[in-house]
Each structure stands twice: as C-alpha cells, then as structure tokens.
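These notes are about the structure you will find just below.
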C-alpha cells in the first residue's frame, strides 16, 4: 500500500496545485481591482504630504536645489511603502529637476503616476511631486502567500496519506494492500505464501486468485521435492534448494500486522497534530500570560522566561508521570476507549485553553491536556503491542512513530499560519477540534477489543533500582537519553519560538522553522538505524549523534542569534545529530538490558528508559527558561549544547574504555 | 469500482475541500490585510501630518486649544477623501477641540470599542516631549466592510469551482490508480501470465528426479 498511498498523495497534490493556481490567478485579478484605487489614494496622500513639506521649506527661502535631506526622505518613503516604485520632485515640463528616488536609480514602468503641485510663492516656477505606483504590488501580495499555500498543499497531501485508511475502511484497505504486496513480491521473484485476505469484494477476490497461483507453484514444488527425496537424487535436491532460496518456495510470510496496526494511525496522528499546532505560539503566549501575572504581583522576583516555562513543564511532567501508570489503565479500559477518552480530554483541554486568561488556569489546563495526551499515547502504543507478535513489533512501532513524526512535520507550519490569521485563541479551538476528531476516528476505525485484565505495572520500583545500578545503563540513560530530550524540548519547543518572536518573525515563519527538525528525522532516521546496525556501531552512533546535536548550538556563536539562517542551521544540526542517535539509542537499551540487567524484563528496561526520556522532556522548559532569563538566547542554547556535548564525550570515552567488558554491544543483528 | 468510488470520494472530497477552503481563506486574508494596511497607512499619514503641524505650533508656544486654523485644515483634508468620516483633534482628556464636523466639537471622543468607524490616531507632542492631545482620523467602516465582503465573496466564488474541479480530478486520479492496480492484478492472476510465477513453473518443469545416486 505504501507506493499506492504515495501515488494517491501525489495525484491529490497535483489536483490541489492546479486548483490553487486557478484560485491565485483569480485572486490577483480581484486584488488589482480592490487595491488599485486604494493605492492611488494613498499615493495622492503621500504626494500631498511631501508637497506640503517641501512647500514649507521653500517658503522659508531655501532654494529647490538646496533641499538637503530630501533624498533620504524620499528613500524612506519608498522603503516604507511597498506599493510605491519611485518618487520625484519635478519641474514644469515634467522632467526631474531635483531629486528622483528609485531603488534601481531610475523611474521604472509603473501602473500609474500621481502628481501634486508643491505650494509656492506667486510667480515662482511651479514644482510637483510625482509618485510612481508599483505595478507588481497586487501580484506580490498574492505571491507572498505562496509559501504558506505550498505548505497547506503539502500538509494536505500528507494528511490524505494518513487518512486513506479511514476512507477505504479496514477490509478494503487490507485487500488493496494485499494485492499490491503480492504483485510487488511476484515482480521481485519472491513467491512466498501470504496470509489470506479475508475481505470480500473485487480486490479480495484478486488477492485470493494470486494466492491460488502461488499455492499452485508451492504444491508443484512440494511434489517435485518429495519425489527427489524419494529418489535420493542429490543433484536434484541441491537444485531444488537453490530454487527454494531464489523464490521462497515452501515458505510463508509472517502476519502482516501493519493492517491491524494501521487502525490506530489516523486517531493518533490527528491528536498529535492538535498538540503540534500549538508549538509555534505556545512559549510566547505563556510568556505574555506570565508577564501579566507578574504585573499583578504573582511570582514576583522570578524571571518571566522561567515563569513561562512552568505551564509547559506542567504538560510534560504530567505526560512523564502518567505514562508508567496509564499502561494498566488503558488495558483495563480497552485501547479504543482509552484513545477516545484521551481525545475527549484533549478536546476540553485545548478548547478551554483558548479562554484561559490567567497563568494558573492555563497551567492547569495544560496539565489536563497532558493527561489526555498521555492517555492517547499510551493507549496507541498498547494497541500496537496488542496487535502485533513480537516479530512484527518493530514494524508496528514504526507505524506508531512515523504518525507522530509526520504530525511533527505538519503541525507547526499549519499552527503558525492559523495563529497569524485567527490568533492564539482560534488556533487552540482548531486544536480542540482535531482532538475531538481523533476521538471520533478512534471510535469509528479502531476495533473494540474490550477491556482486558491488566498484566501488572509496566515498571516496578525495585526493577528501577536494578537497572540504574548498572553503570552502562545508567550512563546510557543519564548521559544520552535524558540530555537528548532536554536539548530537543529546550530548542524546538521553547527557545527557538521565543527567539523568532523576539526577531519579529510571523508565527508562520516560526512554524516553518520548526519543520526542519522533524523533516530531518523523518528522512534520515531509517537510514541511520540501518547503518548503525550494519556497522555494529550503536554506541558510536549515540556518542557522535549527541556530540553533533550539542555542537549545533554553536551555530549561534558570534552574533548568530539574530540570524534566522543560523537558527535554522542549529535545528538542522540538532536533527542530524538526533537522527544518528535516536534509533541506535533505543537499540542499545535492549542490548545493555539483556547484558547488564538480565533479571529485569526487557519491557521494564524500556519502560524505565521511556520514563527517563519523559523526565528529560519535562526538565527541558525549566532548564531553558532559567538559562534564557540569566544569559539570553544564544548563551542559553550554547550552555545546553555544551552540556550535551560533554555528556556525549563522557559516554563515548566510557564506551571505548570499558569495551568489551562492560559497555560493549552484543547481539546486534546484522 | 462504483463501490470503491463511493468509498473514496467522501474522504477525498473532505480533504480537498478543507485544503481549498484554507487556501481560499489565505488568499482572501492576504489581500484583506494588504487593503487594510493601505487604508491604515494613508490615514496614519494624514493624521501624522496634522499632528506634526500641531506639534510644531505647540513648540512655538501656541497651545493646542488656541490653534484656530486647525479647524479649516481638518475640513479641507476631510473633503479630499470620500472615505473619511471625520478628522478630530482632541485634548489630553479626550474632549474634541477641533473637528472637520463642527457638531463634534466639545464632545468626548467615542471609545474605540463603541465606534463603528475605522480609526487611526497620532499623538500631538508638546514642547516637553509629552503628548498634549491626539489627532483622530475616522474612516467609513461600513464602506470598508462592504469592500472586504465583496472580496470575500469573489475569492469564495472563484474557489468553489476550482475546489469542485480539484475534487473531481483528485477522485478520478485516485480511481485511475486503483483501476491500474486492479488491471495489473487481473493480468497477474491469469494462469497463463508470463511473470516470475511462470518462470518458477518453467524451471520446475525441467526437474525429472533420476534414480538414487
């Protein structure tokens, strides 16, 4: 289904682009009609204003050729008014006698010229101010929207890709996916049998027809192999083994798994999108609330940047604290009900956040939303585990993780565009609608498996002690996992949005900036994971990734904090570093767990690992807020980056020094 | 295939409809912002020029309330632009000292929230640098709203056919892709189709296990 989904999205994108071009050309035409007369009126006012100013100077006896500063005045007017192409002081014949200001030095073709006489004493030669109108103004207004529109189209195509499962339904989706997989495998010469497709309808029938052909080959192969066994013909047996290896005859592919797992993708994606919509504006909004609260005497003495971090910390701390506890709760509730409940809590949390005008109520609502977020996250993760055998767990988790990453790519730019147009309150309401939609999707799309008896808590505290007592696991958790989350949250969720606001960037620009990290992750994580496994160098990837992520902050050195390109470079470096380390880190947890905490189950080791990561998430905002208040953006980022680099170096040295006695990697499948 | 079309059409229609609505809104809001910025900038220029004159006179020691020529200037400026409702000069306590509409003189300025007009004000700065009053340009909000409403209607009317065409094209393309997949699957499911299955069958056909070696 993967290639078909990509093709469907490409088709959708093509249709949308064509429609968008049509709308934009129509808008340019309409904009000309609406803006044209207004531009002329404004030019007339500009000319009147300048003529009056020059008239006053002339009335004081200053000759027209000694009007010092007039060129600077004209330059300022042209620079400040995008609709003005040039401005000139002209003599009686229309030729410029004194000053012409145009960005390219001469009067260009314009859509019109507005002239006004300069008031002069009687008998003095007449002078006029002429203002040339920029013919491209209306077109530029629409062209400037194209970045936003392109993002809307891109996000739409991605959303279509995510929701295609919902549109087709469980059975049809599985049938189409089954047919496509069979055709793909047959083309590659992979003739292993597939799990049967149960769906009725044409695609189900086609899948079964293909299975029929494949089964016929398998049956023929089995017959020939049996005959060869009976006859004891070694040459034939060897040739048949080669045939079996080439075509996978007599073998069966594992359960697809992904088909059932796909049911959770749409509700998870839509809920995550709701949270991601808030990324560009949240730090600035909370800081404004914090400043208002401090203006009323609350939390006096604390830096506003630190106070602004508190509601963000409330959200992340609730997520961190609830995740270990919610595993059992979502089991008892049933995963579908858990997701629906999380969606409902999110709906209330986001919608109420739109109307919260105080720091404390807002922080409380963020905490409530964090509870809903944790419920959806844990419920979806549990659903993937319930729906897959251990052998398909990785591919199931890939569906889960990619839904979150894709939401991370789509949410911030759309959130920024919405905030610029409908404000923070409107964007919170849209986020609430998305949370409500995730509730609806969970109810419509996910199967109701019903509650099951909880298998016990995911993490037992005595196991926590055992895991932390292992130096290798402790080093991995506290020198790699936790710093990785602190730097991610500090940079992407807190420092960068605030700095972009300080630079006067629009929320849409901030949202585009925040796309850099998830795009790098989506593109590079699979390749980095494969390389780390193939080269058996997970520890190296973790150390180098941490080093690179930390070093990214130094893109801001020497005055780079005010340069959006340097901030983008920092996020690119962070993404590259974390793309290198994230999958290797996760794999290393299992490796170290098996080797150094064998008495603790792998699920517990991973549970503790996730808890440490979430704690890092929760620490990110207060650490960044405190440093921002004390040292400013660039230094705060470089201190966090430097600390992450130090942790990575210490981990790398420890990994090298203790290898293979303690920190070596074993059991990495090639 | 009709069943397939019936299933895919609503989803594609909803997604494309949402994208088109957002794109149309972005187009509309971009032009609306540009229009309002132009009006605001023009009003600010008018108010700024008057405020500069009043501030200069204040610098010469003529108090704002005594600048009698202001009334004539305001009336002249207001007459040049049909969109201007009034231009007022108010004292520091908000009482209108001069206005292009003489009936407003002596009244208190209408608070911004209660005034349907589009307002732009500039402070009159006194000799010591502190504000001593304000120039307020009030524009015809109803006319501006009508212009914006016309723009909204036109952009929307342009977007509806484009959106419908996009829905139709998107659905047709989706159906074409699915039809292609179905045709490939039909060909591949035919027993005589020449593919890797046929190749495996051919290779197996050559096996004649001989006696035990």
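Cβ coordinates are placed from backbone N, Cα and C, and glycine is handled just like the others.
As the structure is a computational prediction, the values presented were derived from the model and not from experiment.
Among the features that TrEMBL reports, transmembrane segment is placed at A:145-168 (among others).
What TrEMBL records for A:260-659 is domain 'Major facilitator superfamily (MFS) profile'.
Residues or ranges marked as transmembrane segment by TrEMBL: A:305-326 (among others). Here the transmembrane segment (A:305-326) has long-range neighbours at 282-283, 286-287, 289-290, 293-294, 299, 338, 359, 362-364, 366-367, 369-371, 373-375, 377-379, 457-459, 489, 493-494, 498, 607, 610-611, 614-615, 617-622, 624-626, 628-629, meaning same-chain residues at least 6 beyond its ends whose C-beta is under 8 angstroms from one of its own.
Taken from TrEMBL, the feature transmembrane segment applies to A:338-356 (among others).
Residues annotated as transmembrane segment in TrEMBL: A:362-385 (among others).
Under 8 Å from some Cβ of the transmembrane segment (A:397-415) lie the Cβ atoms of residues 151-152, 155, 158-159, 162, 258, 261-262, 264-265, 268-269, 272-281, 380-381, 384, 427, 431, 507-508, 510-512, 514-515, 517-519, 521-522, 525, all in the same chain and six or more residues away from its ends. The transmembrane segment annotation in TrEMBL covers A:397-415 (among others).
The transmembrane segment feature in TrEMBL is assigned to A:427-446 (among others).
Within the chain carrying the transmembrane segment (A:467-496), a Cβ under 8 angstroms from the stretch's Cβ atoms is held by residues 279, 282-283, 309, 312, 316, 510, 513-514, 517, 542-543, 546, 549-550, 553, 567, 570-571, 574, 578, 581-582, 585, 588-589, 592-593, 595-597, 600, 604-605, 608-609, 612-617, 619-621, 623-625, 628, 633, 636-637, 640-641, 643-644, 647-648, 650-651, 654-655, 658, 662-663, all 6 or more beyond its ends. Sequence annotations record features per position, and here TrEMBL assigns transmembrane segment to A:467-496 (among others).
Per TrEMBL, the feature transmembrane segment maps to A:516-532 (among others).
The transmembrane segment feature in TrEMBL is assigned to A:539-561 (among others).
Positions annotated as transmembrane segment by TrEMBL: A:567-589 (among others). Long-range contacts of the transmembrane segment (A:567-589) within the same chain: residues 473, 476, 480-481, 484, 487-488, 491-492, 496, 499-500, 513-514, 516-521, 523-526, 528-529, 532-533, 537-539, 541-542, 544-553, 555-556, 560-561, 605-606, 609, 637, 665, 668, each at least 6 residues beyond the stretch ends and with a Cβ under 8 Å from a Cβ of the stretch.
Sequence-distant contacts of the transmembrane segment (A:636-658), counting only residues of its own chain at least 6 positions beyond either end whose CB sits under 8 Å from a CB of the stretch, comprise 471-472, 475-476, 478-480, 483-484, 486-487, 490-491, 495, 539-540, 542-547, 549-554, 556-557, 561, 570, 623-624, 627-628, 630, 664. Look at TrEMBL and you will find A:636-658 (among others) tagged as transmembrane segment.
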| said: Please compute the mean pLDDT of the model over the domain 'Major facilitator superfamily (MFS) profile' (A:260-659). | reply: 87
